Every structure is written in C-alpha cells, then in structure tokens.
There are 2 protein chains.
Amino acid sequence: MSETQSLSRIDADLLNALMEKVSEFGSTGDGGIDRPALTDAHRDARDWFRSELEARGYTVLVDAIGNLFGRIDLAGPEAPLVMIGSHLDSQPRGGRFDGAYGVIAALAAIETFRRDGGTPRCNYVIADWMNEEGARFQPSLLGSSVFAGLIELDWALGRRDREGRSVGEELVRTGYKGTDAAPRPDLYLELHIEGDAKMETAGARIAPFLRHWGALKVRIEVTGEQNHTGPTPMEDRKDAVLGAAYIIAEVRRLADVAEDTLFTSVARVDISPNSPNIVPGKAVLFCELRAPEPAMLDWSEASLRAALPALAAKAATRAEIVSIDRRPAGKFDPRLARLTERVADDFGLPRMQLDTIGGHDAVALNAILPSIVFAVPSVGGVIHRNDEYTSPEDLAAGGDVLTDMVRRIDRAGADLDLALGANA
Amino acid sequence: MSETQSLSRIDADLLNALMEKVSEFGSTGDGGIDRPALTDAHRDARDWFRSELEARGYTVLVDAIGNLFGRIDLAGPEAPLVMIGSHLDSQPRGGRFDGAYGVIAALAAIETFRRDGGTPRCNYVIADWMNEEGARFQPSLLGSSVFAGLIELDWALGRRDREGRSVGEELVRTGYKGTDAAPRPDLYLELHIEGDAKMETAGARIAPFLRHWGALKVRIEVTGEQNHTGPTPMEDRKDAVLGAAYIIAEVRRLADVAEDTLFTSVARVDISPNSPNIVPGKAVLFCELRAPEPAMLDWSEASLRAALPALAAKAATRAEIVSIDRRPAGKFDPRLARLTERVADDFGLPRMQLDTIGGHDAVALNAILPSIVFAVPSVGGVIHRNDEYTSPEDLAAGGDVLTDMVRRIDRAGADLDLALGANA
C-alpha cells in the first residue's frame, strides 16, 4: 500500500461543475435528458464541450463519421497516445449519466493529471463517439465502429432515422461532418455507469467489465395486406400486427426455455399504416438476442429462423429476416481490468467483476487495441430512463480511479505490464 | 315499368371530370390518395370543392366542427331540405373513391337534376363531413357525430393527433373553423363504394345497407417499466410490448371462438419509447370489436375485460381499458332502402342487400333523421388502400340511381311514402 500516499484524486469540483453544465443540453426538466444523436440538443452539447476543450488548449478534431476528439500533446510527438472517452448522445427521454459521465470524467481526469502529475510521458485524447446509443440511427456504436474499421464509412453515413434523414445529412446540418484524420491511440479507457443493480446489491463501487456479451440485432419484416378493419371478413385478413404478436411472444419464450443464459427483446415495432381501422399491411420488428456464449446466439438464431414461417402463417402473413447486425462476444484487455482493480483496492473501494451485456464504445475499440470499460453503480440499476441516478460520491470514486489509472499508465509510458508491475 | 322512360341518368362526364380533379389532392402517384383530415392535402381538396360549389351558385356554410355544406334553394324557403354527402378525407395511403365518390356524386346528381328535373319541390344541401375516417383523429365520424348531437362539440375539438395537435387548432390552421349554423335536412342520402367483395361475388351493382353493425372501439394501455434491453435480467423485465403481444393474440382468439359473428382487430399500437434497445415502458392498443348483434359485443367486451389482468401479468405489466367508444347497432330507414331497390330495378341493375360493418356518416345521421347509404362494388373488395378501384361504369350506375332517387324524392316533396307509392 505504499502507493496510497501518492494516489491522484480527481478534481471533484470540476467534475461536478461540468456534469451540471452538460446536463442542461436536452434537459427534460425532470432530471432526464432527451439528446439523441445529431439532434439540436446533441449538437449544442457538443458545441459546448468543444469550447471547453479549446479553452483548455486541446486541439479539436472531427472525423468523417462525426466523432469528436480533443487532443493534447503533453510529451512530444513520439510519446504514446492514451484515449479516454464515451458519448454525449442519449436515449430518448434517457438519463444524464449514461455516456456523458465518461466524457466529462475524461476531461476532468486529464485536467487533474496536468495539474498534479509531474512530467508527462504520454499524450492524451478525449473521444466523444457519434451515436453510441443507436436510438435514432441504427446500429448503435456507429462512430466507434467506423473508427475501429468494423463497418464502412459510406454505409454508416447512409443510415436513416424514421423520418428518412441520413446520418450524413444530419452531420452536415449540425456541423459535425469533419475531415480530420482520427487519432490512433495505444490504449482506450472508458468510465460508465452500470446498467444493472448487481453492484448495488453486492455493495461494490468499482467494477471492470471482463467480457462483453455477443448480440444479434435482427430486423424482421412481417408482411400482410392492408384492408379495412370493418368489412374485411376475419378469415380473409392478413394482419401484420397479429403476425408480429406471435413472433414477439416466441422471442420471449426462447429466453425462457434456453439451456444457458440468453436475453431477448423486441423493443421497437414499426407498424404501417398504424391506423385504428386499417388491418396493418406491414410490421417491422427490431429484435435483440444477447448471450455471453456464442453457442447460445447460434441456437437462438436457428430457433427463431425455424419458428418464423409457422408464426407468420398463423396470421396469414409472411415474415422475413431482412438484416442481422452481429456483435461477437469477447474479452477486454485483462491487464487493464487488473489495473482497475489494483487502483480500486488502493483507494479502499469495494469492487467486483462484471460482464457487459449492453454495447459500449469500448467494445468496438477493443477489436483493435487494448481497451477497458469500468463501471460505478447506478441506483436501482436504472439506465436509459430519466430517473437514472448515480450519487456524487460514486461519480467522484469512479473519477478517482480513472485519474490514478492515468497517472500510473503515464508513468509507465503506456506499457501496461510495467504499469501493473510497478504496483505489484 | 312506366317509370323507365322518364328515369334520370347522371351527367357521367361531369361526374368523371370531378372525380379526376378531386383525385389530384393528396395523390400518391400510384392511383392512391393520402389525405387524412385537416392535412394540407385535405384543405386543398376542400378549397377546390368549395370553389366548385360557389361557381355553381351554392351557398357555402362551414359549421363549428368544420363540416362543409353547399346549399342551394331551388323551391322556396318552406320547401323540404334533402341532404346528400360523404367525406373528402382519406385514410393514410388510402384510395380515391372512399368518401370522395359520395361527395362528388352528390354534386353531379343535383346538377343533373337542376338541368333535367323540371320544377323543383325541394331544396338541397351537399355535405362534406369533417374526419369521417378517424385515421388522424379518433374517433371516426367526428363531424357527423357532432352534427347529430351524438358527441359534444368541445370534446370533439379537443381530440389530438399523435403529434399533439388538436382538431380545433387544425381547423383554424386550415381555415375550416366555421361559425355557420348547420342546415337541418329532412332526410339524408349517401353513396359509397363497398368495403367487401360480396357484391362482386354476387354480381350485384347496387346494394342498400339495411343495418349497421355495432362497434366497440377500446383503447387499452399496457404499462411496464422502461429499461435497457442489454443488462436488465429477463426476470426483472416489465415489457409493455410483450404484454401487448399477448393481448393482441387474445383479441383475435375472441373472434375465432365466438359463437356468433364477431370481427376484432388491434390495428394501431403506440409504443413508448419504441427504441430498439429500451425495454418499452408503455404500449397503447387501439382495439375494435364489431358485431351485428349487441349480445356479441357484450360478450366480447366481458371476455376481454376478464382476460386482460392475466395477459398483462404474464409480461409483469399492467393493462387498463382507458376508453371505450360505443357505436350501437341499428337499422337504416327501410323506405329509403326500398326506394334504392326500386330505382335499381328500374335501371335493370342487379342488386342485393347488405349490412355495413364499417362506420359511415349515414350511421350518425340515421340517429336523428331518415337516412340511407347504398353501395357500388369495389374491385376485390379493396378499401382503405391505394389500389382501391371502382369502374367508371359502376360509378355511373351508382350516380344514376342517386340522381333518379333525387328526382322521385323531389317530386314527392320529400314524402318517402309518397315517393314509394308513386312508383309502386
């Protein structure tokens, strides 16, 4: 515990002040945030954050998919580059901590380190990833996935919201269609609130994610025939919503009967024309299948495919899988997980190990460089909702761990084995 | 058959020219129409129709719920008043004949009668009812129901579309918030396309509706809890869409097991927030139960009420019936039905008798004065869809029957017994 005396704590006043300010953009007035990607509220939050970066001497970069970076070179052009970040977009009627906390904590941690950290050996870049949430534009993790080379830029720019506006058009409209080359960091750190009550239940205050679950995001189109709900005889109806209902029930049933862990949902249904007295001609289901084990994903996909024709036929409709977005399961960098635990222990913060089931930008980043995401608790496990809440103490604890991780990584010149060894 | 020689045929050129013109407003380019109530397209169609009325000497009246009337007094202030009409609003991506045909045929029939009919004994008024369809604003038959005193004006003005705009606001915006007193006619005629293939199957070209089915329009709110679809454990989810799916399947099952005729549907579902990765917190179902016999409506309502709690609980949600709009079953005026048949026979048009299952403005009117709606076939029974189609020959045949009904009713001074007797 000789480290303890030199532990770096985050500037909590700065962290809190920045969190207060960022929560004004898209505020719903009840503590929540409505700031989906590339809306005016999102643009305003980014414009503000950009001005905060510039005022502190960071070089602001915007790449072709609208990722916003704030780079500060503290150690010369040959020094390793450490990236820290998350996202400023939110779910519709979402919470103020999901994403924004990670971006704000990155800035507060680096600013604290600049003030207290001695002679830096690394350069730093803060990332605000474009469209992590996938609420307005699917898929989620759009900006970080383009960054990591997991999806094509042109395809990402062509994604459209339900009003038909494309990512590319909305980037231009909001002023975030950049031309800068994205920085190429040596490692990536992300701080986030937990999306479950496991930490609260266990009394843990810090938790690195060891694994990320795999996910299949399956879009299913059910096609019936549009007709009047009055005169059309029941036996002649081809009701796309009825077909959808049978499929929704089956998707849930798969989770209930699976022999290993499987999470399933149908959370969005786009019905056409969705008029009370027209038999619906079309319904598009946004289905998710998530599991820590690839074998369960394979089983759930095969089971769904096998069940679809009969379920659709029961409503005299047809069902077709029109796209599947596949997120493979994987492991975060174990050295970064261990370092997170080491620092938490040195602060005396109770900790635990988690997997992440939801996507995080760190999942995309982890495909190409050592990455970690670690969590602080969210009261009641609430996330993606306006009453999402993390106490100032927990926000500061997460910030402390992040700040001291920066200090140790910097001192080791971003050599993770060295960073761990020095504190062994 | 001494009547045959003096039968009045509609001016088919006028009918066709007006039908062509009205189909331009809200045209979807594929033969269909997108002209929901109080949209710009609907306003443009009404503005055009109004100018057609004025150019022909009709007095245009707009009442407080936006019903548009064109009145022409041909027989002095004490003469009976005959009303003919339907509606110019359409379903989203609907067809060009549903509603518009009845309004246009009314004008063409009266114009033909003015030209050919000798000395008139009645005055006439054409009605274009506001929001028959109920697609944008619920309930349907809004303007005619206010006219008939079945619902309150203020309540009707307060109905809102899914963007929150009220009928009252949209009447003002489109220039149809009138202050004229509505005319009080002695009887009401309406010509419409059929919404089923029964006439086509039977080879009939004219069919009066004898009865209108009853309907219960039931709004059901399913309440769950909004959460992330990723980390939230399956056993903790309160998924409003899953609850909705169980209810949708049950609503269909009621129709399948009912011991007498029952039509059911859930054709609109409003999901909140309807984001792919948020467990939905709320789903509002727009359910319809329709039957010719009141006892079946009672049974279906009771069965639905009994089933709801367990269905909702199966998804850990709650379900509540938040409103029911009740349309009682009833009979149209039998003399007007008989007159329709008499005229059809005199034209040599094959005919049959039907009930109407869907709502028509004549159903509302029938509550306060002798009313009838009669139909011409729609190819394949298609209605509320862009490929809705009635041949020019059938449009003209319906117009002929309407025109000659006007002639006979006029000659009898709107005395229906006399009108029937004279042709016995």
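A Cβ is built for glycine as well, from the same backbone N, Cα and C atoms used for every other residue.
Nobody curates TrEMBL annotations by hand; they come from automatic prediction.
According to TrEMBL, the feature Zn(2+) 1 binding site maps to B:H87, B:D98, B:H192. A strand conformation is recorded for B:H192 (Zn(2+) 1 binding site) in the three-state DSSP classification.
Annotation source TrEMBL lists Zn(2+) 2 binding site at B:D98, B:E133, B:H384. On its own chain, B:D98 (Zn(2+) 1 binding site) has B:S90, B:Q91, B:H192, B:I193, B:G195, B:I383, B:H384, B:E388 as residues at least 6 apart in sequence with a Cβ closer than 8 Å to its own Cβ. Reduced to three states, the DSSP call for B:D98 (Zn(2+) 1 binding site) is coil.
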Cα distance (Å, whole number) from B:H87 (Zn(2+) 1 binding site) to B:E133 (Zn(2+) 2 binding site): 8
Against chain A, in sequence order - binding-site residues B:H87, B:H192, B:H384 with Cβ under 8 Å: B:H384
Of B:H87, B:H192, B:H384 (the binding-site residues), the residue whose Cβ has the fewest other Cβ atoms within 10 Å: B:H192
Output field, Zn(2+) 1 shell: CB within 8 Å of site CB centroid, site B:H87, B:D98, B:H192 dropped: B:S86, B:F97, B:G99, B:A100, B:Y101, B:G102, B:E132, B:I193, B:H360
